[in-house]
């Protein structure tokens, strides 16, 4: 004690008291300051919450925070120059989940749902609103029941607003989505890179860290909610125009992509929704996975018919053989189990049956939990609508190589639009806007038009990964699809395609498709001659592990090029696309869902228009289907409004399609080969869509147009591709081959509308194998197709039928032995029944009326569609001789000779045509129009 007391003697005592008082004062000061900060923060939070509730949680321009400088969007080089190959590099990492939730997040006052905003239709005024995410409990086979990640939450200042909310209106076919903000672009114009914005929270404890904080909310019941924070360092998002601030894309880098890849999330106009709808799923990587070694031989063979083998001497395959496996990483929480994909090593390249998908994962797909409940697909709600909408399909149908699992999980269609670098929002053509050629460049644009038969100059100005508006009908984003959809191989065939158009097609697939569903993208080069499509294309595509290039060593044409791609495809489903398209958001899953439900369904997207002059993206009518008119001319026909109203057809209803356009569709690979693929006897291009459409429908399959799948396509007035032979004759030959195999007796209707086709005597090749294939598949007749698939097509077998009357005499033509005579009319007499066919024969059974050579009297000859001496013109002669409309003119002679009746002798003969002679005027009992 004495030692202690001496410190408090004299001046030491004063210093001790001063020190103690200072410490106490400092403690009180810090406590007061902390209370002050808490009150200020609480007030700010309350004001912020009230303001966001009033404005729909929109972030104003003054609230944007800078994340990192953005790089200028890469442009395709002119004339095929190489593009940037270093920007597509990123390091594959596994998402880590750690518990770090503060009080505000647990109460949910600054949280909002991700990726689940309701789609806004372009055809009806719709109020944009946020829908809650609630999914049933999930489980995996062989494991305890675990709740599935049901929603993602982010903090307040995470996205940016580019425009104000607008109402949407009805848009007819061919109407551009953006009629304003046209751009005039010059080659020397410099574009400023848009600012990037920080994905962070003012209230989060990690606000100062350079990391993305996303809260995963797991619902165990309606009253309790647990959350975890997923922290992924050094990750940014693509510059994505999105509808709501709730929407965000969760991405993952690959080892093949390097560390300099930047992703960034942006907000755009209310009608634009370019984001991944991942709020209700396990975190899904958007990386490009490596491709396994290509098998030496594809197991699928060409069905009966000419086998088309592409040997090593015919095809050069450019590929990246990078293997991979998947592994799982569990979230360290007793109540949560999240499974993520992890790259390990070489892939076995084997297909895992869907029945095992709950315990095993495909090499290219992450593992997924399986839902306990059975939610109903939205597209199955509207069925059997007057033969126009698709019929409901039960799960009894089997997918090739796999059975549909008894209780598969489902999720909402993912709305993915991930770019490799931030988009330049002011770039020409961005968001599908029209572009105007600068006055000084019009001559150059005209000269370059012939390179692709569209505005190549503007195509090169537009970014290869431009944004386009989400044109899907309202409700598409809320539709459910199965978690274990089959993988698909995208097959694009091209020859001398425009560089920018080809790149834009590939980027649209990569940017807007769930990566685990894309097994590969096969670019089949049908012996292009352009230099930029050789080494430069190989170099550019080398940055995408899933893109492979197949080079044919000679020109085969589109049909055989597609067959080459199909033989080398490894996916469960084949998806054929043209090389000048732009796939819209959410395009792929609805197609695969239909094939998943029934392997004999062929799913087609709604094909929208990319204007060939200003490159604007234009929407089309929702209620269109592919049809044909005689002689097999493909076209689009809108379902009449009264039929739509009567049957209650909705914009999201699937449409039964009698004939598909042929350029864009998905088909089960094994079913494609069961059908015999394309007829290998078809040359180059033309008629293949008709042949496959008839084959699918008549042999037990279905063709559907899926309104929730949209793909833009450049429609050109002329085909720029060269044909080994005459283009028109090649197409006509293909159509004749199709007609001879599939149209049965209705082929006369085909020839009647293209009479020159039968006269030319085209060599269509051997049809034996195709006819045997039809018998083997036990296909229906063409009459069945007309009655059940395309009943609104007018297809009378003959032009006219019944009794054959002379107008002046009132007598009818009759058969006596093998001669033709005039008698009193008797409609019940078989001897007076005649048909006037589409190939201009007057038939009685298998006999045809014709003049006896050099005599002029008429008799019967065996019918032969190719014998011009049996053909007569009736009513069709009005085109060049309107005064002879009621006459029957014999074709074979140069002089106009007409059939004339002589009642006194009861005979018929040929005489010089006389428009005023009443005995030369005839009429059939019934006439049929088309």
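For all residues, glycine too, the Cβ spot is worked out from N, Cα and C.
The model shown is predicted, which means the values in this text are computed figures rather than measured ones.
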Which residue range, 242-275, 276-309, 310-343, 344-377, is the one Swiss-Prot calls region 'Disordered'?
344-377
Swiss-Prot records 578, 580 as Mn(2+)-binding residues. Which of 412, 482, 713 is assigned to the same site?
713
Which stretch, out of 13-35, 36-58, is listed as transmembrane segment by Swiss-Prot?
13-35
Mean of pLDDT values spanning the domain 'Ricin B-type lectin' (794-925):
87
Determine how many residues of the region 'Catalytic subdomain B' (654-716) DSSP places in helix, in strand and in coil.
17 helix, 19 strand, 27 coil
